[in-house]
Amino acid sequence: MARNKIALIGSGMIGGTLAHLAGLKELGDIVLFDIADGIPQGKGLDISQSSPVEGFDVNLTGASDYSAIEGADVCIVTAGVARKPGMSRDDLLGINLKVMEQVGAGIKKYAPNAFVICITNPLDAMVWALQKFSGLPANKVVGMAGVLDSSRFRLFLAKEFNVSVQDVTAFVLGGHGDTMVPLARYSTVGGIPLTDLVTMGWVTKERLEEIIQRTRDGGAEIVGLLKTGSAYYAPAASAIEMAESYLKDKKRVLPCAAHLSGQYGVKDMYVGVPTVIGAGGVERIIEIDLNKTEKEAFDKSVGAVAGLCEACINIAPALK
Ligand code: PYR
């Protein structure tokens, strides 16, 4: 049986980490792609040289020509620039939109049957543009943000309550930006919703609000510390969880930036919502009940994403 093929489009810090994780998990053969000739080849060889020590068998190659991604089962896109201190994700829109046009054309030509996971920021607008540029079905193109934001929320909650991260579940919905919507009512410790934990005296409303705000600022906190770029370990781990669910048809319930065609009252936009990811790509979008406050926050976030999509259309009218 042939191994799966995973194309990593962009070989920066997230791309390299993705290659390492995909290798360690033996998800398939890996092609690292980057227009910066030498970087994907060097990283590919370096990670390959760790495989005898770690004991994984995959072919890991680097390339600077899109033909190398031919027939990929999964493409994970990190190409583009990352933000630096003082920048918002939205500041990257102009430059990364041009990158998405190139990447979309490459995927359309060489990997039209792939499941595509976009990580490039500003995420919700970039995955929306990438789907249009590539022409792939909307259920096969998805954005990685909700798993990452929820993972940050889970970590902060686990530390607060001094419990295992394994026993904390969380949902962060909406756009991957300052308006993201961590949902306390749908986040739990051992199945107990956070709202009940407030009633039980585990945490005050005020402290919970601080944790929620730290989650919203999670990416910026890392940018501020690193000073030269943005997070890569947690974004890579999050995308690998999504790729694994697709490749193994696990049907994980994961919050992802998915194409909405009327769900949550939103049409032709990508926004973070709970999804089921299996061999069919995004197999289901789960429409959870939102109370008035949650719906207002979600709608505000959708409004912010809509503004970014408008900005994309102003630059590339063909996206309309
Ligand atoms: C983040 O760290 O949140 C990114 O968007 C990379």
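Every residue gets a Cβ built from N, Cα and C, even glycine.
Following the DSSP three-state reduction, the secondary structure of His176 (active site, proton acceptor) is coil. Taken from Swiss-Prot, the feature active site, proton acceptor covers His176.
The annotation NAD(+) binding site is assigned in Swiss-Prot to Gly10, Ser11, Gly12, Met13, Ile14, Gly15, Asp34, Asn96, Ile119, Thr120, Asn121. With a cut-off of 8 Å between CB atoms and residues at least 6 apart in sequence, the same chain places Thr78, Ile119, Tyr232, Pro235, Ala236, Ala239 near Ile14 (NAD(+) binding site), listed in sequence order.
Marked as substrate binding site by Swiss-Prot on the basis of sequence analysis: Arg83, Arg89, Asn121, Arg152. Sequence-distant neighbours of Arg83 (substrate binding site) (same chain, six or more apart, CB under 8 Å from its CB) are Arg89, Asp91, Leu92, Asn121, Val223, Gly229, Ser230, listed in sequence order.
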Discussion item. Near ligand 1, which of the binding-site residues show up if the criterion is a Cβ under 6 Å from one of its atoms? Options: Gly10, Ile14, Asp34, Arg152.
Written reply: none
Worksheet item: Which whole-number value in Å describes the distance between the Cα atoms of Gly10 (NAD(+) binding site) and His176 (active site, proton acceptor)?
Response: 20
Worksheet item: Where Arg152 (substrate binding site) and Asp34 (NAD(+) binding site) are concerned, what is their Cα separation in Å, rounded?
Response: 28
Worksheet item: Taking just the CA atoms, what is the gap between Gly12 (NAD(+) binding site) and His176 (active site, proton acceptor) in Å?
Response: 20
Fill in: Helix, strand or coil at Arg83 (substrate binding site) [DSSP, three-state]
coil
Item to complete: Compare all C-alpha positions of Gly10, Ser11, Gly12, Met13, Ile14, Gly15, Asp34, Asn96, Ile119, Thr120, Asn121, the record's NAD(+) binders, and send over the largest distance in angstrom.
Response: 17
Worksheet item: Between His176 (active site, proton acceptor) and Asp34 (NAD(+) binding site), what C-alpha distance do you get in Å?
Response: 25
